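Reading through the structure tokens given below for one structure.
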């Protein structure tokens, strides 16, 4: 009699995905972030579910319901801060996961990559709507500023914005629908994650050398299960240090002031994980141009497989491309920092230059360097 995990219709799917899955023998810790993202999603859905039990999506009571969760609900404070800082961990893992894909040429699995980019957009949309829910000053003004960007779309822009708002400004209708979508999207994301994995398992994982690893595979369990658990423990440790020692470190103090449409905060800025996109948006003086740059700064990931001109898949043996990759990382860190600064003298020009550099490295330089390396090595 065969083992039930290999014969049962449901268990055999799990078995072929997480237990007997052949995996390359040399994938490094950079490959841990996929499983960490799965755990992050689970943590966010669970904490979010318990928060939703006590939250009210009404402009009059939203702010005080969050206060009530922190003060009166059993362990409500830890639920709230796990959810808020869990989002930060989610984005740290996301950006590392995408960076890993860029570095090691994982984008050559086009279907997996494209679903991944759509997932990135979905998670960003979810995080944005979640930030609006506590109905603090930064929630309200962030929602106003970001939704207002859609008015830059020619002809239908204004109607579109008012349709999203459900009125002539960000108000009760907006908050209610944002709560509905913030609750719904993570489940859609979960379904898309399954599709992401389905496409990945069609090809199998890439590895740091970028060379096919069909001749040297090991079972996922126990080797990578134990490795994933180690990564998970490290991530939980960092998350708990954030939550228990400095839960508000990544938040904005303005969000502890209830939303007031008559009083604009001095510096409207999003959470840290959107600052790079916000800086790129601000660096273009034209409204429509800024919105296009904002969307394209992330949508550019879609065309990365087309720009791949090297004969090698991974950057492991391409020093020139490595330099450009780390230059891009440094550039995005600098853009993130500028996004948090006020619109003043040195920051404006620096932000514009960094945004131009970010786009130029991603489009022109990466492709040119790969081609040059190929030419130099006379392939």
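Just so it is clear, glycine is given a Cβ too, placed from its N, Cα and C backbone atoms.
Swiss-Prot has this to say about the protein:
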- 83, 182: heme b b562 binding site (BINDING)
- 97, 196: heme b b566 binding site (BINDING)
- 201: ubiquinone binding site (BINDING)
- 33-53: transmembrane segment (TRANSMEM)
- 77-98: transmembrane segment (TRANSMEM)
- 113-133: transmembrane segment (TRANSMEM)
- 178-198: transmembrane segment (TRANSMEM)
- 226-246: transmembrane segment (TRANSMEM)
- 288-308: transmembrane segment (TRANSMEM)
- 320-340: transmembrane segment (TRANSMEM)
- 347-367: transmembrane segment (TRANSMEM)
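Looking only at the binding-site residues 83, 182, 201, the one with its C-alpha closest to residue 97 (heme b b566 binding site) is 201. In this structure the alpha carbons, written CA, of the residue listed as 'ubiquinone binding site' and residue 182 (heme b b562 binding site) are 29 Å apart.
Under 8 Å, Cβ to Cβ, and six or more positions away along its own chain, residue 83 (heme b b562 binding site) finds 44, 47, 48, 51. Neighbour counts of Cβ atoms within 10 Å were taken for the binding-site residues 97, 182, 196, 201; the minimum is at 201. Counting Cβ pairs closer than 8 Å to the transmembrane segment (33-53), the top stretch among 113-133, 178-198, 288-308, 320-340, 347-367 is 178-198.
In the three-state DSSP reading, residue 182 (heme b b562 binding site) counts as helix. At the 8 Å Cβ threshold, with sequence separation of at least 6, the transmembrane segment (178-198) lacks contact with the transmembrane segment (226-246), having fewer than 3 such pairs. Proximity of the transmembrane segment (113-133) to the transmembrane segment (226-246) is not established, fewer than 3 Cβ-Cβ distances being under 8 Å for residue pairs spaced 6 or more apart. Within the same chain, the transmembrane segment (347-367) stays apart from the transmembrane segment (77-98): fewer than three Cβ pairs sit under 8 Å, each pair at least 6 residues apart.
Long-range neighbours of the transmembrane segment (288-308) within the same chain, counting only residues 6 or more positions beyond its ends whose Cβ lies under 8 Å from a Cβ of the stretch, are 98, 102, 105, 107-108, 110, 113-114, 117, 120-121, 124, 149-150, 152-154, 276-278, 280-282, 355, 358-359, 362-363, 366-367, 370. Listed by sequence, the residues of this chain that lie at least six past the ends of the transmembrane segment (320-340) yet keep a Cβ under 8 A from its Cβ atoms are 99, 102-103, 269-270, 272, 274-280, 282, 310, 347, 350-351, 354-355, 357-358, 361-362, 365-366, 369-370, 372-373.
If one looks beyond the transmembrane segment (77-98) by at least 6 residues along the same chain, the residues whose Cβ comes under 8 Å of a Cβ in the stretch are 30, 33-34, 36-37, 40-41, 43-44, 47-48, 50-51, 66, 69-71, 116, 120, 123, 127, 130, 235, 238-239, 242-243, 247, 250-251, 271-273, 301.
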